[in-house]
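Trainee: I am attaching a structure below and will ask some questions about it afterwards.
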Amino acid sequence: MAGTSAESEAGQDGMEPVKPLEAELLVVTGMSGAGRSTAADALEDHGWYVVENLPPQMLGTLAELVSHAPQSIPRLAVVIDVRSKGLFADIRAALGALAASGVTFRVLFLDASDNVLVRRFEQGRRPHPLQGGGRILDGIAAERELLQELRDSSDVVLDTSGYNVHGLATAITELFSETGPVALRLNVMSFGFKYGLPVDSNYVADVRFIPNPHWVPQLRPHTGLDKDVSDYVLEAEGVKNFVDRYVMALEPVLDGYRRENKHYATIAVGCTGGKHRSVAVAVELSKKLAQYPRVTVTTTHRDLGRE
């Protein structure tokens with residue numbers, strides 16, 4: 001947000017400067033129907049502390065409270081919209097007070113074309129907050145006039161016309177996630193069929209086609225985490241080919257999850273008891289999947305030790 005004119009406005013209005021804020025501060029505003037709620041949800045999902053529908057005059061008070069909070073709040077997002085009615089006119093003065101106090105912040109302005117905004121309001125069967133007794137377009141026009149100066153001075157203007165909910169959430173994540181685009185988190189879980197399927201599994205691989213180390217006396221006491229069992233399992237005919245093909249089959253799934261803004265999935269690998277074959281294959285599968293960009297993998301063994 002530009003500082004010079006805002007700072008002079010703050011001085012003229014006599015607003016008290018706030019204590020310097022250590023948290024990263026993002027002010028989210030924009031046109032009604034442009035996706036503020038979706039943006040707020042996406043920010044909250046990725047570690048931001050989100051305050052919605054805050055009157056602009058309370059920005060300084062909130063910053064002061066956060067600066068004295070006993071528990072650190074590293075990233076704070078504040079959503080402001082025209083439902084604050086008359087108080088919205090004070091937003092530049094409030095932002096000016098923050099700038100004058102040395103608080104670093106960014107302003108995200110969400111926008112969309114008139115046609116898209118009208119369609120969204122009609123689909124939601126709700127009136128525009130500024131239309132009064134007129135048309136939705138009348139409310140949009142009034143809001144554009146009210147927000148034009150703020151839009152022009154915002155740090156980021158994001159046109160959401162071409163986004164659905166998932167696409168907008170992904171765009172927000174890529175803009176404001178601490179580490180850029182969020183990773184897809186995969187949990188590769190070994191299990192034993194005799195104990196039942198994992199209820200939270202998205203995909204299940206059945207590896208009972210592999211010769212069972214249980215019937216090899218020297219391997220029976222060991223598990224798939226031990227090298228002798230792992231070598232026995234992975235060197236069996238067709239196993240490495242199976243793992244490679246399974247990973248290839250998951251590639252379009254991983255891409256689709258990213259497009260749909262899905263961040264978690266569980267891939268279950270099962271054998272009879274969850275001790276030998278599934279454990280070894282789950283470890284190998286995890287190594288392969290971890291090589292993909294923007295993927296983090298954890299490996300768990302649900303039934304290891306149950307026997």
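Placed from the backbone N, Cα and C atoms, the Cβ positions cover glycine too.
Feature list, courtesy of Swiss-Prot:
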BINDING   GLY30, MET31, SER32, GLY33, ALA34, GLY35, ARG36, SER37  ATP binding site
BINDING   ASP81, VAL82, ARG83, SER84  GTP binding site
Trainee: Starting from the Cβ centroid of GLY30, MET31, SER32, GLY33, ALA34, GLY35, ARG36, SER37, which together make up the recorded ATP site, report each further residue of the same chain whose Cβ lies within 8 Å of that point, ordered by sequence.
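Mentor: For the ATP site, the extra neighbours are ASP81, LEU110, ALA112, THR160.
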Trainee: Return only the integer: C-alpha distance in Å from GLY35 (ATP binding site) to ASP81 (GTP binding site).
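Mentor: If we compare the Cα positions of GLY35 (ATP binding site) and ASP81 (GTP binding site), the gap is 11 Å.
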Trainee: Near the Cβ of ARG36 (ATP binding site), how many other Cβ atoms are there if near means within 10 Å?
Mentor: 21
Trainee: Among the binding-site residues SER32, SER37, whose Cβ has the fewest other Cβ atoms within 10 Å?
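Mentor: If we count Cβ atoms within 10 Å for the binding-site residues SER32, SER37, the smallest count is at SER37.
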Trainee: Under a three-state reduction of DSSP output, how is MET31 (ATP binding site) classified: helix, strand, or coil?
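Mentor: Looking at the DSSP assignment, MET31 (ATP binding site) belongs to neither helix nor strand, so coil.
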Trainee: Just counting, how many other CB atoms are there within 10 A of the CB of GLY35 (ATP binding site)?
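Mentor: I get 26 for this one.
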Trainee: If H, G and I count as helix, E and B as strand, and all else as coil, what does DSSP give for ARG36 (ATP binding site)?
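Mentor: In the DSSP reduction, ARG36 (ATP binding site) maps to helix.
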Trainee: If you measure ARG36 (ATP binding site) to ASP81 (GTP binding site) at Cα, how many Å is it?
Mentor: 9
Trainee: Looking only at GLY30, GLY33, which of these binding-site residues has the biggest number of Cβ atoms within 10 Å around its Cβ?
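Mentor: For the binding-site residues GLY30, GLY33, the Cβ with the most other Cβ atoms within 10 Å is GLY30.
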Trainee: Kindly assign ASP81 (GTP binding site) to one of the three DSSP-derived states: helix, strand or coil.
Mentor: coil
Trainee: Cα distance, ASP81 (GTP binding site) to ALA34 (ATP binding site), nearest Å?
Mentor: 11
